[in-house]
Amino acid sequence: MAETDGTAPAMIGVIGGSGLYALEGLEEARWQAVETPWGAPSDEILTGRLGGVPVAFLPRHGRGHRLPPSDIPYRANIDALKRLGVTDILSVSACGSFREEMAPGDFVLADQFIDRTVARAKSFFGPGLVAHVSLAEPVCGRLRAALGAAAAPLELRVHPGGTYLAMEGPQFSTLAESRMYRESWGCDVIGMTNMPEAKLAREAELCYATVAMVTDYDSWHPDHGEVDIQAILATMHANVAKARALLAAVIPAMGAARAPCCHGCDRALEFALITAPEARDPALLARLDAVAGRVLGRGPGA
Ligand SMILES: CSC[C@H]1O[C@H](OP(=O)(O)O)[C@H](O)[C@@H]1O
Ligand SMILES: Nc1ncnc2[nH]cnc12
């Protein structure tokens, strides 16, 4: 519901990656199952409040890390968060680094992605309703700035931007791939999950930003050898404590009300639907009740 000052109620969605399977310190915390037309999300969703701000937390791989990157139900996850009323998504992820200065333990607020994933559903739309959203700026600048500001007083090494390469996995990259991503493609970090997550968040008109926490130098670094999952896990556990501190700072600072996104994330579908109304598939329209309800005039988003 719109407030008289032009703001609307906000809810922060947090998608926790490797090592982050719950959010502590939420008031009125409860895990709840959410059904979606795209199947079940990765797990139940933990809702509550942090500093008075409504929060919905979803562990991307499920509690106990049951799901590999290719089997994460990305569409159900984004739909479920939107259905609960989420307006902004903070994604938290482990990543490898292609830059000497982006060292293990550092946080990278990625602002670009290269999508090399090949085995995932990447859109809510399709035959019966075609949509083309803009993705030139896949990360919400307002959300990324909020993360940067909240991180400043904390003892964190934060890089304000970077290009995240999303690979299919689950194997790590070969040395030739690692060198190509770093030297020819100019990528800064690598992970397996932020695509199609960011694309789907944009289609669902949700602001999205990611905190990519460096755990390793992938395999290009002459002094660090191959990616070693044992070393990754050790760094990951140290990173997670820092991620919790960042979330505890940024969420209350973002507040419980939101002006329209200055970058237009919350209006991404405004001119994106190109299928003629009479040619639209009623079954697909029904599945889009939450994701595209605002522009379709139906469901929780209308
Ligand atoms: C545990 S190392 C590989 C694994 O970690 C990252 O997951 P997430 O982005 O959910 O933190 C990476 O993308 C891989 O899935
Ligand atoms: N080197 C790497 N490649 C892909 N995903 C990762 N997650 C953490 N480190 C990674």
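Just so it is clear, glycine is given a Cβ too, placed from its N, Cα and C backbone atoms.
Keep in mind that TrEMBL annotations are predicted by a computer and have not been checked by a curator.
Sequence annotations record features per position, and here TrEMBL assigns domain 'Nucleoside phosphorylase' to 12-251. Taking the domain 'Nucleoside phosphorylase' (12-251) as a whole, pLDDT averages 97 in the prediction.
As annotated by TrEMBL, phosphate binding site applies to Ser18, Arg60, His61, Ser93, Ala94, Thr193. According to its DSSP assignment, Ser93 (phosphate binding site) is in a strand. Other Cβ atoms within 10 Å of the Cβ of Ser93 (phosphate binding site), summed over all protein chains shown, number 28.
As annotated by TrEMBL, site 'Important for substrate specificity' applies to Ser173 (among others). Ser173 (site 'Important for substrate specificity') has a Cβ environment of 21 other Cβ atoms inside 10 Å. The DSSP secondary structure for Ser173 (site 'Important for substrate specificity') is coil.
Among the features that TrEMBL reports, substrate binding site is placed at Met192, Asp216, Tyr217, Asp218. Asp218 (substrate binding site) falls within neither a helix nor a strand when secondary structure is assigned with DSSP, and so counts as coil.
Ile229 (site 'Important for substrate specificity') falls within a helix when secondary structure is assigned with DSSP. In sequence order, no residues are near Ile229 (site 'Important for substrate specificity'), counting only same-chain partners six or more apart with C-beta under 8 A. Residues annotated as site 'Important for substrate specificity' in TrEMBL: Ile229 (among others).
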Taking each of the binding-site residues Ser18, Thr193 in turn and counting other Cβ atoms within 10 Å of its Cβ, which one has the fewest? Ser18
Measuring Cα to Cα, how many angstrom lie between Tyr217 (substrate binding site) and Ser93 (phosphate binding site)? 15
In terms of Cα spacing, which of the binding-site residues Arg60, His61, Ser93, Ala94 are within 10 angstroms of Met192 (substrate binding site)? Ser93, Ala94
Proximal but sequence-remote residues of the same chain as His61 (phosphate binding site) (Cβ under 8 Å, at least 6 apart): Gly17, Ser18, Tyr21, Ser42, Leu67, Pro68, Ile72
